[in-house]
């Protein structure tokens with residue numbers, strides 16, 4: 001069973017959100033998208049540590065800066081879906097038999113709704129119900145009992161949770177570590193792995209597993225948290241760097257075909273570590289939903305890679321939040337979800353499992369995920385043909401006083417990956433985009449591609465396309481008053497009669513395209529803003545307008 005959708009209306013910092021989830025989810029967004037409110041909602045409503053949650057006055061949304069405009073109603077709908085058609089009949093789901101709803105796609109789902117009503121006297125009422133596929137309440141004998149069973153089966157575990165940290169620091173975590181069970185499980189996993197040694201000795205396997213425990217502990221306790229914190233690690237590995245390398249090899253052993261039994265052992269180890277920390281007891285049928293907040297915290301990129309691989313081996317649904325381009329480079333783009341706060345809602349953008357063709361997905365993975373993962377955080381992409389434009393545009397924008405990084409604008413060359421996959425991807429992910437093309441034959445084809453994507457809408461074309469009235473950026477800048485730079489770089493006097501193309505070719509030959517582009521941009525800087533071509537100034541204004549949400 002997985003949590004398939006979360007719908008929130010009027011809870012804390014979220015006015016309205018509809019978020020589709022899959023087995024693996026990495027959420028990104030700017031600071032104000034409502035991360036804490038979403039994670040709090042899941043943590044409070046599906047917490048295995050306490051009884052069913054009752055809404056409070058502070059849970060109701062209010063417009064920013066207007067606390068007196070606080071809403072009096074909120075509701076949250078959690079949609080759970082069986083992992084495969086027919087799985088709802090297995091033993092552990094039988095107590096929820098009355099709550100399952102058959103749907104047209106062949107799957108059964110549970111629609112669990114929670115509502116909060118705030119009265120004038122400050123009192124708050126919490127209502128629970130299970131819905132059918134049309135949104136009507138199902139007549140269930142004991143709703144609270146069913147809700148408790150649902151939470152027992154799919155509790156939320158919030159890694160690096162601040163409330164848990166505070167309990168550790170306050171010394172209120174029960175000091176009942178189950179060290180012996182953990183040691184036995186580690187020994188068993190070590191024995192299992194040593195039967196397929198992959199060139200690792202028993203000692204190396206144990207060092208790697210020691211690093212595994214250390215890593216899992218990293219997410220449940222804070223360094224130097226005082227005496228109340230009981231470490232399962234008896235001692236640090238003598239060579240920590242080597243231990244991490246062994247853990248990486250163990251990860252790969254577990255990840256290969258036939259490694260399912262190892263994953264089950266790993267899950268048992270994970271559960272034991274949780275219980276050894278004294279935080280909670282999980283039901284034997286529980287399949288927790290992991291909430292992982294910013295897993296890059298205090299981890300070197302190499303260790304983050306090993307850690308992320310280990311977390312991905314746990315056979316559990318995961319929702320992670322991150323601000324790390326490094327972590328995005330380790331994540332298939334299909335798992336990434338961008339959340340953007342709009343005036344009336346928080347919009348969720350993701351490709352989903354059938355978002356791009358195999359070929360387009362491969363190109364995006366190489367061009368964006370591996371080489372420019374931080375561009376997924378951008379508000380707007382300015383797509384240019386090649387390296388020359390990248391240098392010139394970034395530098396000329398800076399000369400005009402525009403700081404693209406601070407505005408969330410990324411200049412990305414598209415010649416290598418193709419224009420259409422990038423535009424399709426940007427649209428699906430809610431990233432604004434604008435294309436700058438040359439005036440040659442290739443540029444005209446790119447412009448035609450943009451027009452076809454915009455259904456030949458002239459208004460939309462003005463927002464998304466700028467075409468240079470010259471063969472390329474070099475010819476354009478030559479004609480815009482920078483001919484002396486080209487002559488200087490080509491070492492040709494200005495009064496020598498020579499074909500324009502030859503002058504540019506010699507200038508490139510005696511330096512390089514990027515060097516020539518930088519020299520032109522630097523010359524523009526010396527001359528001042530007035531020397532920047534009007535066409536490019538207009539394009540900068542348009543791109544800034546797109547990045548700012550078309551607000552100005």
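The backbone N, Cα and C atoms fix where each Cβ goes, glycine too.
Note that the structure is predicted; figures quoted are calculated from it, not measured.
According to Swiss-Prot, the feature ATP binding site maps to 29, 30, 31, 32, 33, 34, 35, 36, an assignment based on sequence analysis. Per Swiss-Prot, the feature domain 'Toprim' maps to 379-469.
On the 0 to 100 pLDDT scale, the domain 'Toprim' (379-469) averages 95 in the predicted structure. In sequence order, no residues are near residue 31 (ATP binding site), counting only same-chain partners six or more apart with C-beta under 8 A. In the structure as shown, the Cβ atom of residue 35 (ATP binding site) sits within 10 Å of 21 other Cβ atoms. By the criterion of other Cβ atoms within 10 Å of the residue's own Cβ, the least surrounded of the binding-site residues 30, 34 is 30.
Residues 29, 30, 31, 32, 33, 34, 35, 36 make up the record's ATP site, and a Cβ search at 8 Å around their centroid adds 13, 339, 341 from the same chain.
The Cβ of residue 36 (ATP binding site) has 16 neighbouring Cβ atoms from other residues within 10 Å, across all protein chains displayed. Within 10 Å of the C-beta of residue 32 (ATP binding site) we count 11 further C-beta atoms, all protein chains included. A 10 Å cutoff on Cβ-Cβ distances gives residue 29 (ATP binding site) a total of 21 other Cβ atoms nearby, all chains included. Sequence-distant neighbours of residue 33 (ATP binding site): residues of the same chain at least 6 apart with a C-beta under 8 Å from its C-beta are 339, 340, 341, 346.
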